[in-house]
Every structure is written in C-alpha cells, then in structure tokens.
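Copied from Swiss-Prot, the annotated features are:
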type	residues	note
ACT_SITE	Asp84	active site
ACT_SITE	Glu177	active site, proton acceptor
BINDING	His82, Asp143, Asp200	Zn(2+) 1 binding site
BINDING	Asp143, Glu178, His382	Zn(2+) 2 binding site
Amino acid sequence: MKYDNLLDRFIKYVKVNTRSDPDSETTPSTESQEAFALTILKPEMEAIGLQDVHYNPVNGYLIGTLPANNPTLTRKIGFIAHMDTADFNAENVNPQIIDNYQGGDITLGSSNYKLDPKAFPNLNNYIGQTLITTDGTTLLGADDKSGIAEIMTAIEFLTSQPQIEHCDIKVAFGPDEEIGVGADKFEVADFEVDFAYTMDGGPLGELQYETFSAAALEVTFLGRNVHPGTAKDQMINALELAIDFHEKLPAKERPEYTDGYQGFYHLTGLTGTVEEARASYIIRDFEEASFEARKVKVENIAQSMNAHLGTKRVLVELNDQYYNMKKVIEKDMTAIELAKEVMEELAIKPVIEPIRGGTDGSKISFMGIPTPNIFAGGENMHGRFEFVSLQTMERAVDVIIGLVCKA
C-alpha cells in the first residue's frame, strides 16, 4: 500500500453517519456532522501537524493551515471536501474490501444486491485493483469521505517528510454540500488562498470547472374541493392542475433523457389533495441564457394556466441555488493549468468535462476564490452500489502533493 493510513482512515470515516437533512434549519443540518468534525477530524488534523485548527459553529467549517516550508513558494492553495453524505441510508455502514478484483459480480454482503459489470460496466476499469464497496444496505460515503481521507493523507505525508518543499496550504471540511447549502456561509476571510480545489470528483483524471447553474422550483396548486357526486362545473382538482403543469414542460428535457451540456427540469416531489397540491422541481442548465429561459418558461406556464382558470391558482416560487463557475474560473485559468500539468507529470490523463451537478466550489468561486473540482475516486455515488478504488484514492493523494510542491 502506497500510503499506509489511507484505507484505514477512509473506513473509519465512512462508518460515521453524517447524512445531511434537507428539512433542517440548522447549520450543520445534522448534529452528527458537527460531532464528526470535533471528535474525529479536529484531533486528527492537529495530530498530523496542521496549525490553527478551528471549527466555526456559524458555518460548520473545520479549517486548518500548513504553512509553507519554502519562502520562494509564494502561492497559497486550499483543499476542500464535504463531511455530509447523500439522501440514502447511512446508518451502520459496513464496507467490504475486495482485494485484487478480477472481474465478475461482487455480492454486496448478505443482501440480495450485487455489483454486476453488465449493469455497471465501469467495474471493468478496475481489474487488479482494491475496491471498497457497501454491504448492500447503505451507501458507502466515498462522496466525499474519500476526499477528506485523501487530503488528510497528503498532509500527513508532507509533515512526515519535512524535506519536501511545499507552499502554504489551507484545508477546509464543510457541511451540507449534498443539500446544496454547504457553502452558503463560507467565510473567504478565514480561508486566504489564491485558489482552491474541491476533492469531490469521481473517476481517475476528472478535472472540472464547469457546473450546472441551478434553481429550485416549488409550485403550489390551489384547488376547490366539493363532493364528487355534485362536482360538475364546481370542483377544481389541485392534483389535476399539477399534472397539467408538468405535462406542459418539455417531456424530453428530463434527467433521464439528457446528457453532456443539455439542461433539464426534474420533478423531485409531488404531494397533495384535491384541495391543494405541491410539486417540487430542480432546474439545471449550463448556459446563462438557457438557464434564464427555463425559469421564464415555468413562469409563463403558470401565468397561462391562471389566465385560463380566471384566478391565481398556480403559485410559483423560484430560488437560484448556484451558478456555473466557468464564468469565474475562465478569467484566470491558473488553477486548471497547474492541475493539468501535475496530472500529466504523474501520467494521469486529465479528463476535463462539465459536472452535471454542482459542488461547493461553484459558490466559493463566485465569492472570489476560483475552486475547480478534482477526482476523489467515487463511482455510482449516492446509493448502495457506490464503490471506490484504493488505487484511485492514492493517485488523488499524489495530485494533492504534486500541486502544493509545484506551486
């Protein structure tokens, strides 16, 4: 094993349930994230040599510093990962370690689930490698505890090898990325760097500086309930209004029909009765004009329906969540060019593609710190079929070390 503590560190982290809660109004959204930061990560950060390690209870970020040991390396680089995991069972995570994977199915614990290369052809990229999987009852949490483990391991390596020269390094572990609010209260003044990287990507080589622009859409439908036996010309069924609204959106502009640079409307929840219904959507697109056009379209649909109904029964609430960070990063591509150079020197082919999602880096970039995203190794994230390659995690550590030594 290239880095002795990497695997054990990762296993320790994923066994802690840090699932975030979209319905919470606190920061972090769950107490377990704060406990993870204070009882596990903070003591470890101090033990491996990070300085000024402190937790901010206002924004839920745990931050530490490793000062430069060569004054000629004047850049300051940050590394960021998130502590929370996605909306899937994260209680009693019991990872499996598959040494020297030789292809074929991987049975997930004693469950009836398996990782099958026919369903998940990405498994074929990992022949001969050590894979960490779930037992079929939980997610794994490689998103983003692989990133945390990689950053910690890189710092540990640097402090144990003081002859290796490096620039100033800032480390931040934050909450609630999976529910889209993790960076809302991020304090740039507490993270003085020239640029940063989120270690929150997927397979080997990912280097990303384009994200979706994102909005949340809540639509409330107000009906009028009367006895169905006497409902003619009187009842207005809120559920039918919701169906009508949904059918007016482009049917092929949904996640299951789109890829690459294509945006979408995604219905994530629908509840209600005849009297009142509520539909929740997320809206995503890469180009600013297309993003704005999607929001205008839903407003126009609501206005048209209300005009037809003769009163306001379709109420739209739109909230922007984050924006495509390409707009910021393209102004100064130093972070991207440095990462490309380091990867190529390590014989890693940079895979520069848009993220069909977002990262904390999206918001942080617009706060003034360009923050692209680098691979952390996770595959099939957010569910029971999640896995990660130990060798890919090791390569991520290599990249972190390469970045701070080349700066």
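The backbone N, Cα and C atoms fix where each Cβ goes, and this holds for glycine too.
Within 10 Å of the C-beta of Asp200 (Zn(2+) 1 binding site) there are 28 other C-beta atoms, taking all protein chains into account.
For His82 (Zn(2+) 1 binding site), the nearest neighbour among the recorded positions Glu177, Glu178, His382, judged by Cα separation, is Glu177.
In sequence order, Ala81, Asp144, Gly147, Glu177, Glu178, Thr198, Met199, Thr359, Ala376, Gly378 are the residues of the same chain, not among His82, Asp143, Asp200, whose CB sits within 8 A of the CB centroid for the Zn(2+) 1 site. Among the binding-site residues His82, His382, the residue whose Cβ has the fewest other Cβ atoms within 10 Å is His382. The Cβ of the residue listed as 'active site, proton acceptor' has 26 neighbouring Cβ atoms from other residues within 10 Å, across all protein chains displayed.
Each of Thr85, Ala86, Asp87, Phe88, Leu139, Asp144, Met381 belongs to the same chain as Asp143, Glu178, His382, is absent from that list, and has a C-beta within 8 angstroms of the C-beta centroid marking the Zn(2+) 2 site.
In sequence order, Thr85, Ala86, Glu178, Asp200, Ala376, Gly378, Met381, His382, Glu386 constitute the residues six or more apart from Asp143 (Zn(2+) 1 binding site) in its chain with CB-CB distances below 8 Å. Cβ neighbour counts within 10 Å, taken over all protein chains shown, single out Asp84 as the most crowded of the recorded positions Asp84, Glu178. Across the structure, Glu177 (active site, proton acceptor) and the residue listed as 'active site' place their CA atoms 7 angstrom apart. Reduced to three states, the DSSP call for Glu178 (Zn(2+) 2 binding site) is helix.
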